[in-house]
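Shown next, in structure tokens, is the structure this report addresses.
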Ligand SMILES: Nc1ncnc2c1ncn2[C@@H]1O[C@H](COP(=O)(O)OP(=O)(O)OP(=O)(O)O)[C@@H](O)[C@H]1O
């Protein structure tokens, strides 16, 4: 039992432990599960990290590669930088070299310009030394006809190299001619051109050149100048040379070449380039003009711009073909006109900008002929005569030029004066000048008229000005007089006011003294009884005569006695005066009238305590009561008063203390003067004037009239003599003026 119990207990314990173990197992299995989940997460994380690691490894590899590339590049850049530095240094070196080369080039350019100039001068000197006018002589071979006729050469060319030509005569006599060069019949075109080739350079250097062929008809002039297709003459060759030199100089010079062609036929000029395209009948006549010294121009002549030899030759050939040619006994194709080809060259030196303008004249003259020999008739005869005439004139011109004669007979030549034509004036130009002169004259005339009228206006204005000046002076004089008069009146008014004030003060003081004495008397009577009164005693009274004396003293110094309590201050006096004036305007007006008008007998005589200066103007002093009042209506009787704005400001007193006082007085005076004095229009004389037209003018007029009236009354009011002369009035005026100074 016990065993059973033990076994049961053991079983129970084993069961409990089993349960615990089961629980433990469960916990462990749960823990294992959670660990497995965690492991799974860790595995995932690990794989992610592995992937990241892999990516980073790849990136690292790429960066490494890039780094290597960049390293290579940086090395290359370093090399480039060093190369660039070297290049910069090289460029700087080149720049400095260029600068030095440029300055060198500039120097060389200058030197070259100088050298070119020197060369040009030397070349020109050489040409001059050879002769500005050079004469070459060419003899053609005998033609078939001459040979057939059995003619022989009459010229000896033994000394041709020295420029001598010997003409054998029929007799034994020989004639020797000297030329710059002599070409024998065997010498070809090229040989002839050799002597003329240098002129092409002269033309391009800016010099004018003229080559012409002169000679008897049929002697080979046209052949020499024009030549044939197989044997080109001077014209072709010199043009060819010209363009060759232009080509050589194209780096240094720029040229502009134009050509023209004209002929002088029967002393008339025709444009061959124009006639080449149009019928000769329609061509207009041309004339040679000298536009400046040594510069000639044919207005209206066609000038063809050419840029190369072919163009130039084509143009000149067109002209040559249009030339008048006729058959004569001497020459089957005789030129009946002078053919002139002109090549105009405008050059510009590209180095220094120097410009040149030159001309090359190539002239094939018509041949001189003996009319008798050629047996010319009709048109041919006329042509021959004109040709001979013009050639003769040309001979004279050349002779004069060669001998450097002062007078060159250009006027004899017409058409062949291309070398140096005299200055001609265009008819159209002349008429234009005439028109201009006419207009200028008209302008001049109209301007003269304007000036005259202006002078008259000025004169009249000056006269008016003078009159105005005179008027102004008169007015100024009047104003001065009025001003002085006004000052006098002010003075009088001031004195009057002072007197009035003094009188008032005196009267008041008298009254006060009287009242005081009465009071004292009363007091005396009141204090003593009747019994005590001494009837014999007399009250000591101030003598009656003493008061006026005292008053007189006070009146003399109304503003100075400050000890007296009854004495008025200046302001009080002023206010008193104003009060009085306001209270009794009639009296004030009367008072004013006293100052302005003749109060005469109506006014009571008052002794002025302040000595007044002697008055000679306007009206008598108040003391002049003896003077009878004028019976006739005085101009002052016509005076009426009316209020108006202040006329003239009183002069400012300079005294500082008295300034306020004087201002006060002035204000009173101003107020009294504001009642302006106006004279009624007089029946004559001053009737034209308007009273009150202007404040100042009215016052001036009024006072002036009053003054005149006073001046008229002077003799009546006790003046010396019945009719005082006008000078007396002036004297009075002067005296009045003297008061103010
Ligand atoms: N040096 C020369 N060699 C060969 N032939 C020449 C020579 N000079 C002139 N002639 C020939 O002589 C002829 C007359 O010459 P050309 O017409 O040039 O004379 P010209 O002086 O111009 O006469 P014109 O004044 O009448 O016009 C032409 O047939 C020309 O071929």
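Each Cβ is built from the backbone N, Cα and C atoms, and glycine gets one as well.
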444-471, 472-499, 556-583, 584-611 - the range that TrEMBL marks as coiled coil
444-471
Examine the ranges 413-442, 503-532 and name the one recorded by TrEMBL as region 'Disordered'.
503-532
Would you count the other C-beta atoms found within 10 angstroms of the C-beta of residue 221 (ATP binding site) for me?
25
In this structure, which of the binding-site residues 216, 217, 222 has the fewest other Cβ atoms within 10 Å of its Cβ?
216
DSSP output for residue 221 (ATP binding site) maps to helix
The mean pLDDT across the coiled coil (444-471) is 87
Provide the number of Cβ atoms within 10 Å of the Cβ of residue 215 (ATP binding site), excluding the reference atom itself.
17
